[in-house]
Structure formats: C-alpha cells, structure tokens
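Chemist: Sharing a structure below in structure tokens format, with a few things to ask.
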Amino acid sequence: MDTLLERFLRYVTFHTRSDATNPACPSSEGQLIFARALRDEMEQMGLTLVTLDEHGYLTACLPGNQPDAPAIGLIAHMDTADYAAEQVVPQIIESYQGGDICLGKGDEVLAIRQYRCLKNYLGQDLITTDGSTLLGADDKAGIAEILTAIDYLLAHPDIPRGDLWVGLTPDEEIGRGADLFPLDRFPAKWAYTVDGGELGELEYENFNAASATVRITGNNVHPGTAKGSMINSQTLAARFHAAMPPEQTPECTDGYEGFFHLAQMSGTVEESTLHYIIRDFDDDAFAARKAQLKERVASLQLDAPKARIELTLTDSYRNMRSQIEPHMHIVELARAAMLAADVVPKIKPIRGGTDGARLSFMGLPCPNLFTGGHNFHGKHEFIPLQSMEKAVATLVALVRLTSAWRG
C-alpha cells in the first residue's frame, strides 16, 4: 500500500481550507488547484468521462465489466475545515508502541489519557500532524482510498464490477458540498460518501440541523446618567443563554441525543448577537427545539419590552434515514463488504452531516463509510495507515459484491 501512503501525503500538502465568508463556489482557490491535480491523475489512471467544472466538482467513471450490474458512486470532498491547514507537515509513527506522541518540536502532545483510542493501534503506523495544523484526513484520506481502490480494480480486471462513478466535491465543510452537485453527469443508482471516522464506521442516519441567530438591540447612554434609560444588550444576551438547558450542549450529549450549541457570541451595550446551531435526530424533537427557542425569545421580549429581540432560524440539512430505509440493501452491501475485508461494522448515527445527507434528498441514496481517521478538524487529528488499507479493501469488496446484486 505504498501508493496509498504516498497519495495521502501528497494530497495533504494542498491548502484547501474552505471559506464560509466567500459566497463563490468553490470558496477558495486552493480547492480548484487540488481538483485540477486530481483531474490530471484520474486521466493518467485511465478513467473515462473525467470532468471538472467551473465550480470545482470533479467526476469520472471506471467502466464496468458486468453490463447488468448496477452503477454505484463513491464520493469524497476536497476542502478542509476552518482550522490552520497551510503547510501541513505530517509525521509518521511507525509501529506505535504506546504512550503519548509528541507532535513536532513544540509542546503539543497526543496524550493517551485524552485519546484512549490510541491503545487500539499498538504496532500500527500512525500518521499525525506536527502540532501546528490539522492533518486533512477529513477528507483527503477518503480521496486517497477511493483512487487506490480504483488502482487495484484496474490491476485486477478479473474482479467483477459495474460502472463505478467517482464524485469529488468542494465546500463540504461549510455545508455547500451538494449545492451544485452535477447529478446529470453522475448516473449512479446509489452512492457512498467515504467521509467517516474510525475503522468500521457505517452510517445512514445524521442530525437534522438548523442555525439560529438571536439579535438583541438595547440602548446605550452615558453610564453616569444611565438609570432608567440604559438597556444593556449584553446583560440580556447573558440572561438568554443562561436560561438555555445546560445539559443539552455538545459537551454533555452523545449517541442519539440532540443539543443547542452557542457557536459564537458578540456584543456591545447597544447590540448583541448570539449564533446557535440546533441538532437532533428525531424530526419531532428537532421541531420542538426550534419552537423552544422561539418561546425563549418571546419570553425575554416580555421581560425587556424596551429592547428589540429578533430571531432568525435557518434549516441546514435533514436526517437522511428516511431516504435510506427504502433502500436498505445498500447498507447491507456495505456491511457485507466490511466483513469480507475483516472489518467489524460499527453502525452508528452521524453526529453531524455529510454531502450524502443532502444528496439522499436529491434522489441519490448515500450512506457514509469510514476513512479510519480520528479527531478531525484540529491539530490532534491522526489516522492509522492500516485503517486506510482496510478502507481500500472494503471499497474493493463493495464493488465486487454490488456487481452480483440485482434488485
């Protein structure tokens, strides 16, 4: 699997951090630079119908050798999260023997007391950061795994397969990855995002998601003469957040539990703004959370009638479970592929979202498969090489098993 490691180390050198403040697609030039390099690589590999559009969506096809087999797709994203992502310098810990891992030359440490999952990888080769950037396994590991699986299929033409479509997207990390996805040139019956975490993850449920902005306008006067006239919006903002349920936050929830998350807060005496994200798996509970926020805004407005309190709610994405359940064979095929690759499937909900969630509602059912990575979006991100190899083996098995499926 030297090609897999080489690919991944090459990919993470591309600076592809997306930019939520830029409405263009892609939101950063680095994503287009990376996409052009991947386009050239796909053409050199011999893939057909390789197409890169002006928005940075890259699609290609590995033609099948079984005419009656269903065409499927594999999808990954090219951007990285809103965290330091320039000049990524990975380090490789060969045959990890346990204990803390020093990241680079500074004081950053991948501590086993904090990341107990490290004990699962004794004797394996871990790819980490140098402590100054993220790694970019989310989702450059997925891209490397997809193309390495295709390399294997090209080298083993006796493996039965239907048409295999590849789709690489920009701006997934800022929630726009599916906005302009070219379904007209991606004729797969169903697809899989390769954008999950640890070895064995298989996901077909995700959060319902919304964002909420609470804007509070007060009245600023000289503090020496403020009695009876000043309305400090920051005081009201603090009161508003203090009334939110403290046990329903990201740091206090897991599994199928939803939450409110105060992502950003800013203010002056005159005006304060609170930005929340709202998450829940259950449709009714999700609706109740949005209703609860409306009630709290109305309650604070009654308590402070001279202030102006406004709420803006925006739905982001929905739980894809309802779109996958009529097609559960695609989950069972993925599960069988993992078992064929000696991987124990871990079926769990995604406490987040993927391009696949949006695409599932656009008519392309799209569960999520593991990449092998841990601690995405930060300097403690790492991925075991052996987990990446298992991802490749799973994808090859998935293509083979799907070739025999007839619905």
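Sequential numbering from 1, following the chain as shown.
Glycine is no exception: its Cβ is also placed from the backbone N, Cα and C atoms.
Pulled the feature table from Swiss-Prot, pasting it below:
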| type | residues | note |
| --- | --- | --- |
| BINDING | HIS77, ASP138, ASP195 | Zn(2+) 1 binding site |
| ACT_SITE | ASP79 | active site |
| BINDING | ASP138, GLU173, HIS377 | Zn(2+) 2 binding site |
| ACT_SITE | GLU172 | active site, proton acceptor |
Chemist: Using the CB centroid of HIS77, ASP138, ASP195 as the Zn(2+) 1 site centre, which other residues of the same chain sit with their CB within 8 A?
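Modeler: Checked against the 8 Å cutoff, the neighbours are ALA76, ASP139, GLY142, GLU172, GLU173, THR193, VAL194, THR354, THR371.
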Chemist: From the Cα of ASP79 (active site) across to the Cα of HIS377 (Zn(2+) 2 binding site), what is the distance in angstrom?
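Modeler: With distance taken Cα to Cα, ASP79 (active site) is 11 Å from HIS377 (Zn(2+) 2 binding site).
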Chemist: Return the count of C-beta atoms lying within 10 angstroms of the C-beta of ASP138 (Zn(2+) 1 binding site), excluding that atom itself.
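Modeler: Other Cβ atoms found within 10 Å: 26.
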Chemist: Can you tell me the CA-to-CA distance separating GLU173 (Zn(2+) 2 binding site) and ASP138 (Zn(2+) 1 binding site), as a whole number of Å?
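Modeler: So the alpha carbons of GLU173 (Zn(2+) 2 binding site) and ASP138 (Zn(2+) 1 binding site) sit roughly 9 Å from each other.
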Chemist: For the Zn(2+) 2 site (ASP138, GLU173, HIS377), what does the 8 A shell look like? I mean other same-chain residues with CB within 8 A of the CB centroid.
Modeler: THR80, ALA81, TYR83, LEU134, ASP139, PHE376
Chemist: Can you give me the same-chain residues 6 or more apart in sequence from ASP195 (Zn(2+) 1 binding site) with a CB-CB distance under 8 Å?
Modeler: ILE75, ALA76, HIS77, ASP138, ASP139, GLY142, GLU172, THR354, ASP355, GLY356, ASN368, LEU369, THR371
Chemist: As a test of the contact definition, list every same-chain residue at least 6 positions from ASP79 (active site) whose Cβ is closer than 8 Å to its Cβ.
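Modeler: Sequence-distant Cβ neighbours: THR16, ARG17, SER18, PRO26, SER27, SER28, GLN31, PRO170, ASP171, GLU172, GLU173, ILE174, GLY177.
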